[in-house]
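Report on the structure given below.
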């Protein structure tokens, strides 16, 4: 007896769709490869380095973003005596893509020796990753007193300078 026929308790088999080759995954892969090829073509030829590099190529610096870590209150360096850990948020990463015309010109002038900064100073020719907003952090000290430090932990980051 064929499955799905003859017994009233068995549901009838619906017509099965014809099997088609995996067309959508193939089209998606082709579209992805096409967009990558177009992106590389628009970038132009890669600049050649006069000195061949040995060893692995260094990974690009991660972008500027907010990070966090649990740290002991005593390690904050603010003079508070507490055995608690607090979540300290900070900014870290690269801001190279955010360079302004000022940054580019300053780097060029410094590199050519056309600008002489005053002794003991060091001009920065690129923006740096810094907090743009802060929050207060509260903790209990060793005397069971609640302490709050304003503007201690970052809540947002940006490329400043």
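Cβ coordinates are placed from backbone N, Cα and C, and glycine is handled just like the others.
Annotations in TrEMBL come from automatic prediction, not curation.
Annotated features, as they stand in TrEMBL:
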- 47-63: compositional bias 'Pro residues' (COMPBIAS)
- 38-160: domain 'TGF-beta family profile' (DOMAIN)
- 41-63: region 'Disordered' (REGION)
- 1-39: signal peptide (SIGNAL)
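The average per-residue pLDDT of the prediction over the domain 'TGF-beta family profile' (38-160) is 85, rounded to a whole number.
DSSP assignment over the domain 'TGF-beta family profile' (38-160) gives 25 helix, 46 strand, 52 coil.
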